[in-house]
Amino acid sequence: MTEDKITGTLVFAVLTAVLGSFQFGYDIGVINAPQQVIITHYRHVLGVPLDDRKAINSYAINSTEELPTGPYPGDPTPTSWAEEETTASASLIIMLWSLSVSIFAIGGMIASFFGGMLGDRLGRIKAMLVANILSLVGALLMWFSKLGPSHILIISGRGISGLYCGLISGLVPMYIGEIAPTKFRGAIGALHQLAIVTGILVSQIIGLDFLLGNHELWHILLGLSAVPAVLQSLMLFFCPESPRYLYIKLDEEAKARKSLKKLRGSDDVTKDITEMRKEREEASSEKKVSIIQLFTNSSYRQPILVALMLHMAQQFSGINGIFYYSTSIFQTAGISQPVYATIGVGAINTIFTALSVFLVEKAGRRSLFLIGMSGMFVCAIFMSVGLVLLDKLPWMSYVSMTAIFLFVSFFEIGPGPIPWFMVAEFFSQGPRPAALAMAAFSNWTCNFIIALCFQYIADFCGPYVFFLFAGVVLVFTLFTFFKVPETKGKSFEEIAAEFQKKSGSAQSPKAAVEMEFLGATETV
């Protein structure tokens, strides 16, 4: 029996898979930098005069958005929307832009239910190939959006790309988790999130106006995700299928052994086969649980509600408001080069995501989540204070910028990765697929709400917007302190007992029997 090791085939397969995660991140971040360029093009398509500089500048400042990056001479002069164009046309532009951002999350929300199903039906490799069809269609629609009704093509392309990302957000972690050696499963699994934030960072860099984020090349920037989609599709033909899928789902032991020999670089795969045989026996003795049963069964109700709250905390903390509209926020904060500050956010996001890979296995999940949320609360307060006092104290722009950087850092320490870890640890094999699907749906739904509403909230609240998010973060921090148990190193039985304790009720005999049936002696 050989020790777990990293082989060339394993590295190739993992890097191929996380190209999908990279596309996911690229699609999240790509819409930010060319924001005003795209809005200007929308105005052109809808017949609003492009030389109406005052209205453009008023829109950029009053809605906290980036000033135009196009070749407009002179200094911006803020004026009222009402003086330059009708309320209806102004609302239409805002609605179309918000929809361009948020339709991505609608696609992800819908597709998040079907990633696991597609992977089980077609296999992990074929499922990722099929998903890439959606990625290519979405990218091509956006690539050619400059030639037609741009608002329709961009919104359609973003929606289809969202469908792709909803599928891939389940398929990639599933595949790399199943091919990874036990010793490296945690680190390899974390590469999914690392590839996402790397994709965000790359989209921010090449979205600079002197690269692709300008009036001539913005459509290429949006459609560039077609490149990793084509590359991944070609590379997938050389990747071995998941041995767990072959053995546990299809009962193809010979094919599973062949796949394992390639991945492990050894003819001795007894250890993996034994582990998979045990997993298959456990899975066959455990009934599957539907999404409805998660809420109707008393054994699952408290864990699933806490799981949903953790994902709501992640999204409603305001983090995606920063990711989607960071350039606008820095513009409002008085930063002279807001796009570069946005890239700084992406770089910090990447660095602290890598750091969290090590922290999450050393410290408790609940502790890191509380530290992250508490830090975000303080940063949100300083962010708003900086924005409110900016007119009187210009140096407050640096306070706001520093607060944003720290806000992102605290997010990646705890609320970013932790909910996904904890949801998997709340549930054993039977209810886990339904719980993860419900958690993914909740995450995408909240993502959509923030993407659609953040701009309207920012318009209404002005510089006080992050006071609102500070209040939300405080509520979720208190909820975590009183209701969320620590899961690191505990069995499902111990976690279930913690939930009963925090809900203030003793475990019923029926619930105890159910938890025993669900394999409550397993340690996470």
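Just so it is clear, glycine is given a Cβ too, placed from its N, Cα and C backbone atoms.
Going by Swiss-Prot topology annotations, V37 is found on the same membrane side as G462. Record note: of N62, N443, Swiss-Prot gives the feature N-linked glycosylation site to N62, with no matching annotation on the rest. When Swiss-Prot records Q193, Q314, Q315, N320, E412, W420 as binding D-glucose, the matching candidate from N32, N132, N349 it lists for that site is N349. When the topological domain 'Cytoplasmic' (240-303) is classified with DSSP, helix, strand and coil residues number 46 helix, 0 strand, 18 coil. In this structure, N349 (D-glucose binding site) is part of a helix by DSSP. Predicted-model confidence for the topological domain 'Extracellular' (390-394) is 80, expressed as mean pLDDT.
Of the Cβ pairs linking the transmembrane segment (127-145) with the transmembrane segment (464-482) and spaced 6 or more residues apart, fewer than 3 are under 8 Å, so the two regions do not touch.
Across the residues annotated as binding D-glucose (Q193, Q314, Q315, N320, N349, E412, W420), the widest Cα-Cα separation comes to 17 Å.
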